[in-house]
């Protein structure tokens, strides 16, 4: 034991020659000792060696550091500055059976020398976000790790290993059952071919049992004493031992890829391409139009931008899912704790809240325009709409930033939504968002009920175009919120810690319902309208395309303008 010293250089231990069967070296609390050099323990012991190297100042372990040793346990815990173990640090060594790297700053494990490890302890190793390939852990029986997602990898390894062992065990059991009443001499001397077969099967079993991967039990456990008479069994049967791993994945992070289902992986690309392309087209056409920027156009620009951001969120999620498919467990920590997930989460919350806010303002503007159609002095102007939408932007940005400041979190789930409700403040945050969305839905419903009543009133003289727009938007916005209703319902239940569906199933709602409005809005609100089609073809004519269609729209516009002038009314608006 060499502990609590001021030694700066690693001591020369090669002069120690112990004949003890289980030699233990304890090296601890030597904070000025920063490296373990090559061949540091060579020749110390020819038998089992336990190295307890904890709470030192180690930062690096060199190549072949454990060369020439038969390691039973290698304890490196609480070396908080240890960032690197050379890939060949264990080359030339036998073992270890137990490796403890808890509370270290290691970012990776060596790629060589892990095959003999039966117990791996890596708790509080927060920098260890990726594990080596699973075939390196061929003898692993127990793993205690930091991140639940890493246990998903060992769950797959456990299934494959268990199936392999069960197959061998089943074949061996059948051979013994067929010949169990034959005397030992017949088995091993009278039938050389069968002797070879049985010996090969038993040898395979013991190759697996040699590193204690199996539970041994004897033939006497399987047969009655009367059936064992005249037999000489020298080997044990084996049954597979289950690999255990903690912490187990929780309900928020099940062992699956980001999107979970294969059909969602296809649908999300279709939806995000439509959302990005459609909303970008609407923004481009409305911004470049030579017509006056009216309040409806201004509001539609804001809605298109919000839905465009939702498309970016879907693109990020779909891209990362495609890159990590089948191995998400090895990328989960980097993704969920990194800037990528935070960016995706910000985009989706900002886009969702700005979209709901804008839809509410559009509805109120439609109701106000129709209700006060004959009172031009009460008409909503652009100077009124700009500060209203500025307030919506500030609100949406604030709501989206709060999870980055510790109120809830985007890191809780792989799809980067603020589902963390562990604290009272986080729970209040989620409930606030849901309640505001429900209030917005109620306001929209109330406004359109009033619009419908106003349109049906023969005493109200409303412009024909306002009536048509009101009817169309009534259907569209009501449909939008109908799509959001199931998400709000399940989200409210989850916020009260009574989840009605799993995270896996919620991904279906989030792909099929949550972003579908962002995909549909640009088409239903703008692209399918005559005003947008006119602006689109006029823009294309400037680029040398669709000139005949653009000229037709110009003629129709001036015809309508001349007709209105004769009737004493203003030119038709866009």
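Glycine is no exception: its Cβ is also placed from the backbone N, Cα and C atoms.
Checking the ranges 474-496, 543-565 against TrEMBL, the transmembrane segment annotation falls on 474-496. Non-local neighbours of the transmembrane segment (344-364) in the same chain are 296, 299-300, 302-303, 305-310, 312-313, 316-317, 385, 388-389, 392-393, 395-397, 399-401, 403-404, 410, 416-418, 433, 436-437, 440, 443-444, 447-448, 473, 477, 480-481, 514, 517-518, 521; each lies 6+ residues outside the stretch with a CB under 8 Å from one of its CB atoms.
Counted over residue pairs 6 or more apart, the CB atoms of the transmembrane segment (299-320) and the transmembrane segment (428-453) come under 8 Å in fewer than three pairs, which marks the two as apart. Within the same chain, residues 259, 297, 300-301, 304-305, 307-308, 310-312, 314-315, 317-318, 321, 511-512, 515-516, 518-519, 521-523, 525-527, 532, 535-536, 539 sit at least 6 positions outside the transmembrane segment (266-287) and bring their C-beta atoms closer than 8 Å to a C-beta of that stretch.
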